[in-house]
Amino acid sequence: MGIALCKPERDAAAKNRQIETQIRIENQANKRKIKMLLLGISDSGKSTIVKQMRVNYCNGFNETEVVNAIFLIRNNIIDAFKHISLLILDSHIIKSDTEKVLLKLFAFESQKIEMMQEVDELRLINSIRVLECISVFFEHYSYHPMIPDNIHYFFPHLERIAISEYMPTVEDLIHMRQTTLGVHEISFDYQTQTIRLIDVGGQKTERRKWIHFFEGVTAVMFVCSLSSFNQATEQEPNNAFAWETSLNKVQNKILVRSTGKAKQRPGMVNRLDESVDLFTSIRENNFLKSSNFMLFLNKIDLLGKKLETIQFVNHFPAYEQWITNDNSVQSVAEFIESMFREGLDADQKIYAHLTQATITTNIEYTFGLCCDVIFNKNIETLSLE
């Protein structure tokens, strides 16, 4: 004859079963969650990819975001004309005295323009866009490294944008530049999984925050701008990789690549070199040893445009020794990919993709390829447990 449980014991046993069931449910749910980190230096196209994810898998942009984008897009345009004006004023491009007045206004008082009444701001934008010297600039110097990439999209649309009734399209928001400060996370369902995509600022001052998100990462999506090969940024005396102060420092060998670095300028660092060194530092991080690495070699379209007039070997002399050292997009892209693979451990894999983040279908397709790899690896891992 069995021993009957008293009521308190029956209640406790039932509660334990309930807790165990809940734990099993949560464990199963956690196995379906994929944590992805989106990393890269500033202006690599990270935020554009996040916006594409929102368009493809979330609800896109709300009304408030669309209205706010009006001012951000116009500020993007004013900022672009600021840099263009500075270059024209310092060039041999012919400009009349009247044109010089407008160029100097944009070059040296762009912030004042941004603070003007809308009618005055639009009048100035519409005035500068039709200047003869601006047309000459775009004909000969449109891919100068100081010019923001998105002006190539916005300039042909200025007649539509520079009116008081303007309302941004989804395409406009995709091309809009906005510096990522802090951490932004979106979650969405993809097939049978829940994706947590975490985007952290690419500015050097923001990188110290990255370490807090390295634990439990399934995949790292690292974005590099292929078109940054002829761009430079100021070199800071402090360590660019802030987390290294508390973790194992990156070995010096990664800073001397057999593929070679760019020609150095005093006090400056090539942005492509900066991207490669940052990627290697992340890949060497102990927290991410078991993570999948997806390398987005972005802005393939802009690379092609630049290579029409710029010789890659003039910026990376080691390219002369490359197998196919012509100035083609394919050859240059393969060389750049090899820079990221330098010093790769035998058991580490990098899945590289050529991307154009401003094209929705391109990112949708590439993201699908990445997820196929990640999901298959997850299945392999779970089958071993």
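Cβ coordinates are placed from backbone N, Cα and C, and glycine is handled just like the others.
Not measured: the values here are computed from a predicted model.
Swiss-Prot annotations:
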- G2: N-myristoyl glycine (LIPID)
- C6: S-palmitoyl cysteine (LIPID)
- 32-385: domain 'G-alpha' (DOMAIN)
- 35-48: region 'G1 motif' (REGION)
- 40-47, 174-180, 199-203, 298-301, A357: GTP binding site (BINDING)
- S47, T180: Mg(2+) binding site (BINDING)
- 172-180: region 'G2 motif' (REGION)
- 195-204: region 'G3 motif' (REGION)
- 294-301: region 'G4 motif' (REGION)
- 355-360: region 'G5 motif' (REGION)
Review point. Tell me, how many other CB atoms lie within 10 A of the CB of V200 (GTP binding site), whichever protein chain they belong to?
Key: 22
**Study point:** Residues of the region 'G4 motif' (294-301) by DSSP state, where helix covers H, G and I
**Key:** 2 helix, 5 strand, 1 coil
Point to revise | Neighbour count (Cβ, 10 Å) for S47 (Mg(2+) binding site) | key: 24
Point to revise | Cβ neighbours of A357 (GTP binding site) where a neighbour is any other Cβ within 10 Å | key: 26
Practice item. Determine, using Cα-Cα distances only, which of these binding-site residues is closest to T180 (Mg(2+) binding site): G40, S44, I174, V200. Key: V200
Exercise for review: Would you please pick out, from the binding-site residues G40, S44, I174, T180, the one with the fewest other Cβ atoms within 10 Å of its Cβ?
Suggested key: T180
Point to revise | Other CB atoms, at most 10 A from the CB of N298 (GTP binding site) | key: 30
Point to revise | Same-chain residues at least 6 apart in sequence whose Cβ lies under 8 Å from Q178 (GTP binding site) | key: S47, L72
Study note, to complete from the structure: Per DSSP, the region 'G1 motif' (35-48) contains 3 helix, 5 strand, 6 coil
Point to revise | Rounded mean pLDDT for the residues that make up the region 'G2 motif' (172-180) | key: 93
Point to revise | Secondary structure at I174 (GTP binding site), reduced by DSSP to three states | key: helix
